[in-house]
Every structure is written in structure tokens, then in C-alpha cells.
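Written out below as C-alpha cells is the structure these notes cover.
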Amino acid sequence: MQSVIAYLKQQEIKPLLRFITCGSVDDGKSTLIGHLLYDSQCLAEDQLADLTVDSQRYGTQGEHIDYALLLDGLAAEREQGITIDVAYRYFDTEKRKFIVADCPGHAQYTRNMATGASSADAAVVLVDARKGLLTQTRRHSYIVALLGIRHVVLAVNKMDLVGYDQQTFEAIASDYLALAAKLGINQVQCIPLSALEGDNLCKRSARMLWYVGPSLLEYLEALEPADVDLAAAMCLPVQWVNRPDSQFRGFTGTLAAGRVRSGDGVVVLPSGCVSRVVRVFNGDTEVHEAVAGQAVTLTLADEIDISRGDVIAATDDPPEVADQVTAYVLWMDDTALLPGRRYWLKLGARMVAASVSDIKHRVDVNTQEQRVAQRLQLNELGYCQLSLDAPVAFVPYARNRVLGSFILIDRQSNATVGAGTLDSGVHCASNVHWQPLDIDHVARARIKGQTPKVLWFTGLSGAGKSAIANIVDKRLHALGYHTFILDGDNVRHGLNRDLSFTVEDRVENIRRVAEVARLMVDAGLVVLVSFISPFRDERQLARERFAADEFVEVFVDVPLAVAEARDVKGLYAKARAGLITDFTGIDSPYEPPQHPELHLRADQGTPEQLASQVLSLLGVEGK
């Protein structure tokens, strides 16, 4: 029993190193990790037995063990002989514990590689000695640099296939050191090895006596990862407001930087309220001091409104607070990122609505060149400006990974669609404030004797939106209502004449119209908006500009065949002939509303009958 306790204590104090392996397809990443696991005797007997069987069934090494099969766990990976998902493995030696991520080499899985790199202390970049640096080598090295991994190993693999030639290794090492210098990677260890044969993997190889450096495992065991900067100003992202009873109110989270003691002055962000730390807890134990990386609970001297997602920070050098930020964004979804489209941005425990207001440039991660872009496709990286609905506290990623990284979440599916690293805040509008007005929208509506709202008519071209809206407008006007129609065609003659019909410009088209409609509702009007508005995200954006009872979505539904048969403007014929591109229903999608306030079947009634349904919904039909 004592030996077990001693072993567990030894495991507790062993330092942990997280590292990734990356590089081009078939450079031997999975083989390298598998051989490390095998040589470090971290495999159970049943795993060894399974490996022998799998090597015969799936292996690529003839009668020999195929170490890569320890990592390639998906059936698709084994059948294709490639890595698709990020495979995490744990192993340890007498000196250290390791968590290693085997990242896929194919370009289409760059998002997976970035996921693995986000928490790594070091990166092992593999290069095939026969091929030298390839496009994916440069791509992965750029992402390694972008994500702030400071320790990089260049593992020139398959040296057995070039006769363990020194000149081949030195030429590749020279090329990579030049690339690393360009990317700002300063700490690079170049190691020649053979993952298959085990040369320079766990111990020095007799086949390469010309190499005087450490083996890969020796280097990783001795590596000192970047220590948490305890000299940095204290930052605590609040994950939980801890109130076990009415006598105790603490704020719990993991310290992202610095150290904290009782008596320290703090500021709460983004509110800016100032207080003082009274007590510090690590778990249930009150402590004098806590440092970065520890989970803590703080109590403060003052009753301050603090919620999950707020940041408690030292007063001398607090994080920046902004609602406009610049960041590198790696797009991870099949549907492109579009400026103006709204997402959830999750930074630590804080969640705010956000949109990309501008893509400054797209980065060609193969060449590091900056290119003009109007959207970001899957696996593309862009330098963007983001607009947030509320200010957030952050630290640039180069200084703090926790408070400098975020993810973007699709508001409809809740899928993670992007990841980013924050660069700086944009304060171009920090001196712009709301001007208080004595006459508000309630007073304007009262004098008109009506309840202002927006009727948002959406549907395919030719569905009858404009005709129905026009009839509703005439009937409301006859009843003494103050109304205005914003029609899609008419607005494009003035306000939106600079916009095309690309997906990007359609997003901006709806954003502008929603803002104009909001101003008109504030003026006390009943606004009828007649736009195709094909995308749910943009209609949701419009809805969020209004109070819950001010927005009425009217879906004018008609089969595409019926709308195309009408074709009053001849647009469908032109789209079919290829004279018009990005035409809704033909080569651009229409996303029907899921829960409209009113669903009109436009092929089952006249415009007058359908208009009556709208008026009935408003409670004015028959007046």
C-alpha cells in the first residue's frame, strides 16, 4: 500500500508537457507517436495484442508492427491511411508526463490542427527527409507561430530512406530555420530521426554519429515550457458567483495571470467598479496567496454587481475593454463567414452577440501573403474587425492565451464555426455617445394614436410581397394610420444603390434596411418592409433591432414553380439563361422562416384576401 501511495505522489509532482505533432501528409506523425508510446512501455498487454492484429489487417509495414495504428482510431483513417481527427494520447517517463496531440496533415483538416495546437506548450513539426519543406509544413508552422507556441522541434523524419545523410538533414534544417525566423519562431531544435526504426527517437542513434544533439524524447523531457507570468497583472475571469448561503458571496474562476492576495485592490470589468480583496480561497481552504493557473474564490469588500463572464483584475494594469476589436479568425465551417452576419462570440465565460464588420485581409497561410477577401471559407484565416453588442475585457493573445482567445458560435445551430486570437481594441467610436431626447418613441406614438411596429414581408421574388404590402398600406392609410413602405427594389435606387446581389452585399442590404426601419418605428410609424431577405440570420438580426411586440414576420410562401411562372419582371428567365447570378431560388438559397408570426400561402388566395389576413393579425380588419 505504501508503494502505491508513493507512486501516486510521484505522479502528482511530475511536470506535464503538452505537445503536438504536425506536418504534411505521410510525414510519419502517427508512427512517431505510436513508437514513442511503444518504447516508453505505456501500452497494456491487450493493446499490444490488438496492435499486432491490426498491423496485419490495416498495416503498411508488411510483417512488422505499424505504430501509426495506435493513433489512427477512426475507421476512415485506417482505411485511407491518414489522420483526420486530432488524436490525444497520454504517456509518461521517469522524468515527465506528456499529453500529445497527433494533428491531421491534410489541408482540409487545418481547423482540426488548430484545435490541437491551442493548448500546446511545444510543437514537433515533421518533415520527410526525401521531400523537404512542403506547403503544409509552412501552413502548420504559421499556425504554430500564430497560436504562440514558443518551442518547436523540427523532426526530419525517414532519415533511413536517405541513407542517414548529414547533408540532406542540414539543408532541410537551414531552410526551416529561415522560415522560422520569418514567422518569429525563435526556439527551434532540429533533430534527424526515423520514427519507424526508432533512430534518435528515445535515445541517440549509432547510425547518425555526426549528430551531436539530444534525441527527441531527451529534448522533450528536458524542455522547460513557458512559465505562467506571475509578474503580470492579476486577472480572474469569473466563471461562477458562489453563494452557498446569505452570509457568503464569492467569485470563482481560474486565475488567468499574476497572483492575488487579501488586501489587493481590484477593478471589475467591464463595469469599472473598484473594490478590495478580503479573502482568497483555493477550494475550501482559505489561503494567503494564489497564483495563475489555480482555481480560486475571492470575496470583495464591497457589494458590487458581478456576473459570470466579468473579469476581476488588478487596478494597476487591467485588461483592455472594447466593443470593437481586431483579431485573427480561423474559419471552421462549411458555410462561409460573411461580414455583417451575426454570431455568438465566447471569450472565457462571457458570451456576446458579434459580427465581423470588416475583413481587413485574408492570410495565405502557405505563403503568408495578405490577400483581399470579402468572405472566409472553410480553413481560411483572416485578419478581421469585429463589432460586439456589449464591451468585453480582454488581453491581446500574444500576452495571455486565456483572455486573448475566443470562439464564434452559429446562432441557429449552436455549432462552433470559428476561432480567433485577439490583437487589439478599436476605439474609433469611444467618444460617440447617445444624445438624450425629451420626446421619445412612446410620445411620438401617442400623438399618432397608434402602436408602431414593423411588418417584415419575406419570400421569393414573384411571391407577391410588394402587392400585399401595398394593399395593407392603403387600407391602413384609409383608417388614419401613419405608415411607410420600404420596398426592396425602391431602396436599391438610393440608400443601397452601391450594393450588388452577392451574399455579402445582401447581408449588408438587410442590415441597413433594418436600421432605417428601426428609426421609423422610433418615429411612431407602422413600417412595411418588403424584401426577399433570404437568410434566417439576417432576418433574426432585423428582429433583434426591435422590441418583441414591434416585429411581425410575414412569410409570403409560394412554390418556386409558381413564382417562376409568374416572372412579371423576367428575372427568372434571365437567371435560367445565366444572365443574372446569385438569384434567389435558382443559384442562391432561400431559407424559409421557421416560426413567422403569419404564414401566407400566396398561391391559395388573392392579394386582397392575403392582405386581409395581415390586417386581422393587427386587429384592424373590419374597422
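Glycine too: its Cβ is placed from the backbone N, Cα and C atoms.
Quick look at what Swiss-Prot lists:
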type	residues	note
REGION	1-450	region 'Sulfate adenylyltransferase'
DOMAIN	14-228	domain 'tr-type G'
REGION	23-30	region 'G1'
BINDING	23-30, 102-106, 157-160	GTP binding site
REGION	81-85	region 'G2'
REGION	102-105	region 'G3'
REGION	157-160	region 'G4'
REGION	451-623	region 'Adenylyl-sulfate kinase'
BINDING	Gly459, Leu460, Ser461, Gly462, Ala463, Gly464, Lys465, Ser466	ATP binding site
ACT_SITE	Ser533	active site, phosphoserine intermediate
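Structure coloured by features recorded in Swiss-Prot.
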| residue | record | DSSP class |
| --- | --- | --- |
| Gly23 | GTP binding site | strand |
| Lys29 | GTP binding site | helix |
| Met159 | GTP binding site | helix |
| Gly459 | ATP binding site | coil |
| Gly464 | ATP binding site | coil |
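Same-chain neighbours of the ATP site beyond Gly459, Leu460, Ser461, Gly462, Ala463, Gly464, Lys465, Ser466, judged by a C-beta within 8 angstroms of the site's C-beta center, are, in sequence order, Ile532, Val556, Val558, Ala563, Ala602. Annotated pair Lys465 (ATP binding site) and Gly23 (GTP binding site), C-alpha to C-alpha distance, rounded: 54 Å. Cβ environment of Gly459 (ATP binding site): Lys465, Ile532, Phe555, Val556, Asp557, Val558, Tyr590, Ala602 lie under 8 Å away, each six or more residues apart in the same chain. Just so you know, of the binding-site residues Gly23, Gly462, Gly464, the Cβ with the fewest other Cβ atoms around it within 10 Å is the one at Gly462. Listed in sequence order, Val556, Asp557, Val558, Ala563, Ala602 are the same-chain residues six or more apart from Ala463 (ATP binding site) with CB atoms under 8 A from its CB. For Gly23 (GTP binding site), the nearest neighbour among the listed recorded positions (Ser461, Gly464, Ser533), judged by C-alpha distance, is Ser533. In sequence order, the recorded positions near Leu460 (ATP binding site) (Cα within 10 Å of its Cα) are Ser533, drawn from Asp26, Met159, Ser533. Per-residue pLDDT, averaged across the region 'Adenylyl-sulfate kinase' (451-623), gives 92.
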